[in-house]
Amino acid sequence: MEFMYEIIQKAHSGIAYLALGILVFAVINAFLAISSKRGFEDKDRKISLFALIFCHVQLLLGLVVYFVSPLGMAALGEMSNAALRLTSLEHPLINVIAIALITIGWSKHKKEESSNGKFKKIGYLYLAGLLLILSRIPWNLWF
Ligand code: HEM
């Protein structure tokens, strides 16, 4: 279990850079496209899809870390400790909600007819997810 914890925890910590980086990129891409009124192309679909996939990988890794880490489910009884409340409750819960919003953004963009509509669904829902994720990162563990 110790070995598994180390590997999964490192993967969750490392892929977080990629997931956040691609998510920021997808949000900026969508808002730039909205302001320049350009068309939704295949590359826009790919950027949004990559952001979605990396968030889902991070979600799956997070779920595993949650059950094996001493800072995850095991610390649920320590709610008076802010750092443990963050890793065992706030970070997991808020991130599940954030990734649900991102997933809704992805599925809704497909139902939009116009390029502007597609970029808006991606832009606003991915941005909401990104802000939620950033609000509950255990920064002191990460750097
Ligand atoms: C996009 C979503 C997510 C991002 C960007 C993210 C990012 C991070 C980062 C940067 C850390 C600190 C890593 C370190 O120690 O270096 C962390 C820790 C942790 N995350 Fe996530 N996370 C996400 C989703 C989740 C989810 C959905 C869960 C659980 C269901 C989760 C559970 C945990 C736990 C338990 C820790 C503490 C692990 C430990 O240090 O033992 N995360 N996460």
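Any Cβ shown, glycine's included, is placed from N, Cα and C.
Here the structure is a predicted model, which means the values were calculated and not measured.
Quick look at what TrEMBL lists:
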| type | residues | note |
| --- | --- | --- |
| TRANSMEM | 15-35 | transmembrane segment |
| TRANSMEM | 47-69 | transmembrane segment |
| TRANSMEM | 89-107 | transmembrane segment |
| TRANSMEM | 119-139 | transmembrane segment |
Open item on the list: Below 8 angstroms Cβ to Cβ, which residues of this chain, lying six or more residues outside the transmembrane segment (47-69), approach it?
Closed with: 1, 4-5, 8-9, 11-12, 15-16, 18-19, 22-23, 25-26, 29-30, 87-88, 92, 95-96, 98-99, 102-103, 105-106, 109, 122, 126, 129
Task: Within-chain partners of the transmembrane segment (15-35) [C-beta distance under 8 Å, separation at least 6 from its ends] - done: 44, 47-48, 50-51, 54-55, 57-58, 61, 102, 115-116, 119-120, 122-123, 126-127, 129-130, 133-134, 137, 142
